[in-house]
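J.: Quick one: structure below, then a few questions.
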């Protein structure tokens, strides 16, 4: 379980997160929705250690992770797929995936090939393009690669930042489906940030609505999806 | 014809060394975003260590390997003691701008260069001394003709070729090599993948230090050793790296050989006094026509 | 600070310059011959360090070619004085113009470069330019160089103020130029162009969005900085010789060291840094007076200590000695 209490993150004088409290429950998909600039990405970046909070607590499985470096937080089982299909274009598909498992080479040597095979089973298109440079992939394939890069480390918590960004609806559906299946079959906990609220709420168990760095609503996803007032006020449709 | 061959051979063996220097610069630039102007100061210092060991009766190879190790250690120390604290200071007011963030590490590396040169002067005096070559420096004989190509040239070229093969394999085939490439290309994704980027960066400094020490060991038999001798090599290496593309290891090698040829042909056909002007001309030409170098990638880093 | 009107900027700079001149004159009259020569050297290098402060501290561009620009100033002055028998009071202003032209050429090349590319390119330039002395032997006289000096004061000067010693005359020659340089530097720092150049340093993109044509401004900075370097180089050559050995690459590094040690963003920092660099060998000698050091050690110790200081200042407080005060201003 990931527990966030009163989290504040600032960029200079700009307050991006203004006292956020929320929880991501084990083996569930929790989605954080909200308009552009609501602080959704900052929330994930603060959890994974890329940004340092000004105050507040982040507890993962009973242990505080505030102030740890990103490379240590990954080792605790939290994998972050940042916004914008974050892969390294100059490396091959295979290298991008195996990059995610480098830190497990000593302790889990025998598992690495298996984990990589699972990624190729999850996204068969990546296997076809193993030797290609990541820069030559389509947007959807790059997003699959970024997710594989994170999943190959066998995380317990996946932080997924706007996987739908710039992708065709069909591809989005495919990616979200894969993540959903993974969550239901392996017990992965997912924290999904989305601007596309409908898609996200459709698959999530729980929804958190963020506006200007503050939590406006924190309810079961279905309930949130049905609330037309909130939708009109914060998401504009 | 003989002049042409001589220029070609000398260009190849010099070019091999410049390629090594440029490669050292490129490795640190990719790994840390810093052009290390102290690089050949480190090489000078470790060559002095080798020279001292050899004059005290140790074999050439003892000096050789100790110098390589010293070069690597100096590179790593430099990162840990100076560059890492500096990059952790990004939030200070003076370093808050891009241009100063680029300038301050350069200033630090110049300070290190000055300190190493002064220390070498104190420890080993300023006058030039020779440095031994492990192979003959007389040209091969072909019938009655003496060829403008020596056993030492052959040694230099094969050693550099071996080094290039080993580094390429290291970067392409090993996990640490992959971690280093990932850190160089995208630090954020590297960190999120669990790569300890501080360590891989220190490793790039160490590898670069060893490569430039090797360059120092290979060039001093023909140019003698003094605290300042390798300054010129740094300039040539920098130009070679820019010509090939600062972020491209293959470009560094290409640039090294181009510079080796340019310098060698200017020396043989014109006069050695024009060498610097020709280096400057090559540098300006490349910067004006193709600022990211021949093999540099398009927009990884701003020029 | 940003709302100062032109005349009040000029008044502020004028007051600074006046105080500086008075203090220097008093020091000059109190010092012995050795320290008078040292003071003259401080004044000369101060101008060169100001060129670094303007270029690197204010506009954020790092050049290692200031020594080459100093050589341009030095050679121009020497050639005019030797070949056309011009007085130094005419030759120096003219050579400032030639240094400005060199700065224009450098700036045009530099406008496209930044960071280490600029540093490396200017370093190559600093090495290549002095070799021209050997390339055009008949004009520049190669390694031997061109002997020039400040000569003797004109008759009216000696008649009015008495015959000054050679060292004192060096101060009297350098001081007016240093004062003018200080006045202009102070004006630039407080004025609109100064603010514009700082904007370029802080953020090129934002500056260009605010209508600053940054490549043109970069060239302007180079020209201005080059005139300071050229002036400094002209006076530096007048200490006895203009030749390639007088303007080595290490001279550029000395200027940079001084600017960083004192605080690369301020005029007072430039002066403090210059004093440190010039007097460091004396201080070390005094501090180690009781130890008998070999010549080998004492020759290199100042360079070692100033380099270590440079590293320390950069790592601990990149704003330099005078820099901390400036922080509070903002």
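Every residue, even glycine, has its Cβ placed from backbone N, Cα and C.
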J.: For the record in TrEMBL, which of the ranges C:14-31, C:140-157 is the transmembrane segment one?
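T.: The range carrying the transmembrane segment annotation in TrEMBL is C:14-31.
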J.: If you look at how TrEMBL annotates this chain, which of C:169-190, C:191-212 comes out as transmembrane segment?
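T.: The listed stretch tagged transmembrane segment in TrEMBL is C:169-190.
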J.: Do the transmembrane segment (C:219-238) and the transmembrane segment (C:117-137) come together with 3 or more C-beta pairs under 8 Å, pairs six or more apart in sequence?
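T.: Stretch pair does not touch.
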J.: Do the transmembrane segment (C:37-55) and the transmembrane segment (C:88-110) share at least 3 Cβ pairs closer than 8 Å, excluding pairs fewer than 6 residues apart in sequence?
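T.: Contact absent: fewer than 3 Cβ pairs fall under 8 Å.
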